[in-house]
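Taken from TrEMBL as is:
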- 21-41: transmembrane segment (TRANSMEM)
- 47-69: transmembrane segment (TRANSMEM)
- 81-100: transmembrane segment (TRANSMEM)
- 112-130: transmembrane segment (TRANSMEM)
- 151-171: transmembrane segment (TRANSMEM)
- 200-224: transmembrane segment (TRANSMEM)
- 236-260: transmembrane segment (TRANSMEM)
- 280-298: transmembrane segment (TRANSMEM)
- 318-394: domain 'Signal transduction histidine kinase internal region' (DOMAIN)
Amino acid sequence: MVIKHKMLNIKNLNFSYQYQDFFINVGLVLWIAIFNTYSLSSNVWSNYASSILALGFCLLPVLIFSFIKSRLKQTLNKKRYAIYLGMCYFILLPVFTDIASNLKIGALDSSVFISTALAALTLELMLIANQYYQKKVQHIKWIKKIGLENAVLITIILLAATISVMAVSSLENPIYQRKGFRLVGFEFDMKMLLHNFGTFLAFFSQFLIMYLCGYLLFFINSRFLVSKILKEKGLLIYLFTLSATIAVLYPFLAQILISLPINTVFGRSIFVANPFELENAFGAFAIMLISLPVVLALQWGNQNNRILALEKEKSQTELDLLKQQLNPHFFFNTLNNLYALSLQKSEKTSESILQLSELMRYTIYKGQEKTVKLSQELDYIDDYIQLQQIRLRKMLHFEFDKQINNDQMDIAPLLLIVFIENAFKHGIEPAEDAATLKLSLVSDQHSLIFTCENSFDPEEIEESKGIGLDNLKKRLELLYPNRYALHISSIDNIFKAKLKLQLT
């Protein structure tokens, strides 16, 4: 008996992902409970527990919805799911918030419950936006090309522009005027901006220069010190080189910043007058060291992306080679079928040749696609078996039990036919007497189970070993990693192969 088993429990692996939103909402409840408890000096644990219970009741619809969210997405269409989502956040959540506020559960103020409900709604909107980003936005080529360094640069430009707008908007506001200096308030006055646009440009250029000095240190750390020195020479040489780089740069950068008019425009110096002051060096050190984890994460991410790209390229190459091996194998079988029909001078020869051409067309064209519809794969199997039955000169007991929920689900092409080709080649064709072939296909919205049982000659199965099943196992590993289970066994001259596929 030969048994090949490759199986991984998908439900166990995906448990944390299925209930991730639920866990995040639980975290929201806990943090709000903490904020309502940290200032207390006594009975902190009892107050913490009562706050959790009260807030949990307030967000009960949200907690239940987030717990079953993954199952709802799988079983409901988008419209019905949106209805359930709206009922949860715009009907049930306000009702439970109102009940909790009126009953003053946990002795919490009604404003706490309202804030909690708004926080839960905001959190859900952020999760929806993140999901949209993961599916749509992050795959846009120009966004993927931005990278972290360019993202930091864009952020610096936006930050300089924002602070400049705030500075201009605060110029004539007495609230931000102090004896001897001015403050930058959180103000956005477009009228002031238009009237003082020249001042805005002056502020913007100087703030941008200030931030670009820090960006220069970050850029050197990212492109040279970490990627070259730390990676190739180690930590000690990196620290020495970092120190030398700061010694070279910081006096000049400090002098540039000191020379900016904005340094004194607010009535007091932003930077100390002496460019060689160690405070300036410490600032440069701080930028370098604080940016180090970000740079390391950037380097690791780039390296990981390169590895994933190479693995994907390798997998695609292997798949192409496997398909090239499958096509000649089928082609030889097809020629044998055609030859047998011509010898028999069968009336069905022309019809069979047409069927053969359809099979060849499917193999050559559809076989190169990533996925096909299950109905197309089944039509291909039916045509193949009909042709094989025509050329057989022996009795074949054939059964095909189909229990299909959705025949429009996607599946990799030419997977299931391998079992049937193997059954005819090694079991049915060599048989001297009647042979048996039993097929079964059971599928739902997300998975399928295909079973192939055929009679065989024990000596034949030991002597001949085709490439079909070996290629199938390799294709399954590449196309459905950790999402398939393949059982192969032979008992009492019956060869049985059972494939379980998790399609979604």
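Keep in mind that glycine also has a Cβ here, set from the backbone N, Cα and C atoms.
Note: TrEMBL annotation is automatic and uncurated.
Relative to the transmembrane segment (200-224), the listed stretch 151-171 leads the set 47-69, 81-100, 112-130, 151-171 in CB pairs under 8 A. Long-range contacts of the transmembrane segment (112-130) within the same chain: residues 21, 24-25, 28-29, 32, 36, 54-55, 58-59, 62, 85, 89, 93-94, 97, 100-101, each at least 6 residues beyond the stretch ends and with a Cβ under 8 Å from a Cβ of the stretch. Taken together, the residues in the domain 'Signal transduction histidine kinase internal region' (318-394) have a mean pLDDT of 74 on the 0 to 100 scale.
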